[in-house]
Each structure stands twice: as structure tokens, then as C-alpha cells.
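Structure first, commentary second.
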């Protein structure tokens, strides 16, 4: 969320430092087996400081042991700090959200119409409340009366107020948001503890953050490597005794810490938490870390045309009559079919009709209004004298044919002309007579071509689903740059599209906001629901966009890719580090007893004691150096998967081999004067 950037300050750093010490508790640290091994080594070193000869005679001074102890402690604190700082972001967000719902009261509307002030926690679903200008909405609900602007910045971070009114797509309100003009009467939809704000707090606080399958697999690998290195170190002791080489326990502890994958072990949790945080920064709530991670595996994106590829509010641009004598009749009929249509398209038709018609049009019409449905794909009104409908060409043509009406010869060409321009044609009929076509203009969002090109490079195929005919769909798909399209697609057809792609082994992501989208959102591997959407859609999805911007799916998928690549890059760096440190330290440790090892001491480290201290210091510092990468993620923009893989292998693989040699040598050049 944009409004929590103010929390990245000194206070957060201090809190993270405090948590770093709290996480030294073995009960906390055992969740990270690698760092737990480091802590065990630190405790053993502390015992050696107090009782130097407890494990046999040692030539190491107490000062040297204290140095090892301090470096091991700092290593653990650095690892704890990276995790605590990442967690601190979520806690800062949760605190800001709690402020939005603290000490709220509500103006409850009684059955007799009177008002009663109650505590917001006493509200029950189904009750009606009134909220005036300057008051905070106390609970989630639906506007049943009134029109007002609402400041949702406490939730979304967007400072511009939004208009809320009954009916249409913008009647849902969230508890904790502020009414900044007029008044609203709201039907309560949630009770205390179950509101959207409560769920947000639980999500961003991450109290129940479970490890994702990939994290578990990687942790298993790292734990196995740790055990292998422990076995290697343990076998060194009898070998050293056989060769009459004195290897103090403190040296073996330090060597163990240097060789096990402490770098990635110290950063792994922070990478996962930071990945979820980056999604939150885009005003998207992830219900689990797994949801963000699966985004990284997505290779097919199902995108709605309306609202995702186009701006969503198709605007009535022109009335096209079957002949010019029908123009006035077409305008009046289009107006009548839309007068009770609360959709943006319907309202734009009413506006255009008023602009074009010279005489005054009626404000109210007595009759039965038929709303648009995905099945009928038409809407209109039936009165005692007349029936007027507008709708999709196929639906209207079938309706007229069923009633033995005539189809004008030029109606199809009028529809084709509109479709070829990327618009949406709606045929208008009056008493089963076709009058003409309404041209609804679609406007494609800026910058989509470049973004789709970028996704294509990353190996992601884009599929546009639209209820438009094939000609309109093809025109828009070509202009927007999507890979494929599915025309005349109903909500239930999306499930088939998703299942077909999944049957081919693809990982599918999609967006949706309506109740009819809920099954498809649940079927998709990744479902992004709009905050302005229905409760069922938000429950079915595993991601919720607070800005209700469907194009966010593109950003979320890129963040998921970045999360996986960051984890892979830092794991590669850590393991390459271990290999380099092994060949850097072991020869220096053994060369005093085994002269042949001198030739392998390519770094010319001054002494075994200096080598160990230098490696330990490097081991601690590299965790701090990599925290920014763990938090921000590796760069993935504009590159293909193959290019990113090669770059990461060069930077983090080869770099992971070279950096330890250089770093340890530089530190050794300084340390040799003190050891």
C-alpha cells in the first residue's frame, strides 16, 4: 500500500533490532534449522569461553574465543534483522489499518425511521445505517440510498475520493472509509471481526504465514546440505587427530558456520515476506504466500476485454439507423431501452439520446424493465403499447426470427462496420422491428502493447475473453497485442477455457469481479478479484485488488516471477559461496601440519586463526549486503527467461565463487594485525 511508505523510518529499524534479539530465543530460531545450528555453535563457544579446556587442551586464547562468539552472535542477529524488518512492514500496515476502525460508532436506522447511536461492534448483518458527511463508515455494506464521495485512502492508499451510489458497480462500501460529501444509507453486510478490514489486518500482519511448497522444498535441501557439512566437519576431527593436527572445537564450530548455507538460510524467510509485501505495495492482498509464489509459475493469463484491456466504460458514440427515416425512432427506442439501465453503457446511451433528440424525452416510463443477463444478452422495457429491446446482434437477430420478423438487409453490414473499428454493436428493436445499431466505442488502455510484449518474453501467453463477436474481438486483440482471443465468451465458458489450458499442463491466472466469475476464479491457479466485486468473487479468489484494476494481474505475475528468481539467485550465490569458502579456508587451516596444502592456499591467508576470523566476518557481512536484494528482488524487467537465467548464473553463480575469495582476502589483510 502506498500510504505505508512513511513507516520505512528509524522507528521500524529500531523495532526490527529489538525483534532480532527476541528471535534469539531457541524456540523461535528452531524454525530455521540452519541458523539454529549457528546458535548451537555460539552457545558451545560461550561454554568454551567460560571453561576453555572442557573439550581438551586448546591453544586458542579467551580473547580469540570471545571474538568468535561475538561474530556468531552478530551473524544470527543480522539474519533475524532481515526477517524482522520484512515482518515490520506488515505490522506497520496493520497498525495503520487498525487506526481506521478504532472507536467507531454508527447511526442505526430503526424500523420506525428514527436514528439510534450504537457502537460499531454491535452492528448486525442486514441492519441499515446512515452515514453523514465527515463521518467514518462503521461496517462493510451496500448503499441502498443516497450518493456521496468516499475517501478510501485508509484502505487503498488512493487519495482521490470515489463516488458511491445505490445500484450499479459502485454501491459497495468498506468499514473504516470516510464519507467526504452528502450522505449514504447503507445495509450492513458484515459483523465485528469478519469485516474486510479485519481480514486485511490478519493478512498483512501475517501471523499465520505458512511456508510455501517451494520454500519447504528449498528448506529441505538446505537442511540436508547442513547435515552433510556437519558430517564432513565431524569427520575432520578424527582425521586431524590421526595426523597429529590440533583442531580446537572452536575452530571446527567456526568452520561449520562458514560452510553451511547461512546466507540463504538467513534470508529465505525475508525473501518470502518481502515478496508478499511487494504485492501489497501494489494494493493487492494475497491470502497466502503460496498465492504469490504460484504467480511466478503462471504461463497463461486469461484477461477480460472490458476493464482489463479496454477502459471498461464503453461509451455510446453513434446511432446508425437502417435508413435515415428511422433515426429519430432509433434514438427514442434506444433511450427507452436504457432509461432504467444503471450500467455505464446504458447511462451513456441516455446521454447521447438527450444530446441528439430535439424534443424532450420522458423521464419516467411505466412498464416492466428487463435487465441484461449473460444468457439473454439483451435489456429493454415492455409497456402496454410497446416493447423495446437492445442487445447483442446474434441475440436480437434470433429473437426477431423466432417471432417471424424481418431482418433488414443492411443490419449485418452496420454491425460489421462497428466491429471492424473495434467497437461493440447493439441492435435496437421496437415491437419486433429492427431500427438500427448503437455504436459502443471501446478504448484500449495505454501501454498494454509493451506490457504484453514483456510478458511474451517471460514465456507468458495472454488470452483475451470477450462477449463480443469474432470480428470485434480480433480487431481489439490485434490492436492490444494479445496472443489469442475467445469471442462470444460467457462467464461459464471461462471455466472451460481454464480447464483446457490446465489439461495442457499450463498454470493459469485470471481476473474477475462478479458472482458469475466466482467458479472460474476458484478453478484458476491464480484468481485476482476486484475489491469492488461481489463477496463470492472475493472469497473464491486468492488475490484481491484494492484498486479494482484488473491490469494489476500483470504486475502480480511479474512479482511472483521476481520472487522465485530472487530465491533462486540468492540460493545459487549462497551455495557458490560455500564452495569457495571451503577451498579458501581448509588449505589455510591444514597447511601448518600438511605442507602440501600450502600450494592450495591460493589466497595466501596469513594464518589458520586469521583465516577463520576473516571467513566468519565475511559470512556475517554478506547477509547484510544481500538484505536489499532480498527485499527488492532481482531485476527481471524486459528480459526473456533464458536471458534472466544466464544473467543470474553470471552474477550470482560466478559472483558467488569470486566474491568470497576477494572478500575474505581483504578482511584477512586487516585481521592479521590483530590476531
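Cβ coordinates are placed from backbone N, Cα and C, and glycine is handled just like the others.
In the record from Swiss-Prot, residues 341, 345, 372, 373, 374, 375, 376, 377, 378, 379 bind ATP; the candidate from 329, 354, 390 listed for the same site is 390.
Check Swiss-Prot against the ranges 65-85, 86-106 and you find transmembrane segment recorded for 65-85. Under 8 Å from some Cβ of the transmembrane segment (245-265) lie the Cβ atoms of residues 32-35, 37-38, 41, 44-45, 48, 55-56, 58-60, 64-65, 68, 72, 75, 79, 218, 222, 225-226, 229-230, 232-233, 236-237, 570-571, 573-575, 577-578, 581-582, 585-586, 589-590, 592-594, 608, 612-613, 615-616, 619, 622-623, 626, all in the same chain and six or more residues away from its ends. Residue 513 (Mg(2+) binding site) sits 11 Å from residue 304 (active site, 4-aspartylphosphate intermediate), taking the C-alpha atoms as the reference points.
Separation of the C-alpha atoms of residue 517 (Mg(2+) binding site) and residue 304 (active site, 4-aspartylphosphate intermediate): 11 Å, rounded to the nearest whole number. Between the transmembrane segment (644-664) and the transmembrane segment (216-236), fewer than three CB pairs separated by 6 or more residues in sequence fall under 8 Å, so the two stretches do not touch. In three-state terms derived from DSSP, residue 304 (active site, 4-aspartylphosphate intermediate) belongs to an extended strand segment. Here the transmembrane segment (611-631) has Cβ contacts under 8 Å with residues 64, 67-68, 71-72, 74-75, 78-79, 81-82, 85-86, 251, 254-255, 257-258, 262-263, 266-267, 270-271, 274, 277, 566, 569-570, 573, 577, 581, 584-585, 588-589, 605, 659-660, 663-665, 667-668, 671, 675 of the same chain, all six or more residues outside its ends.
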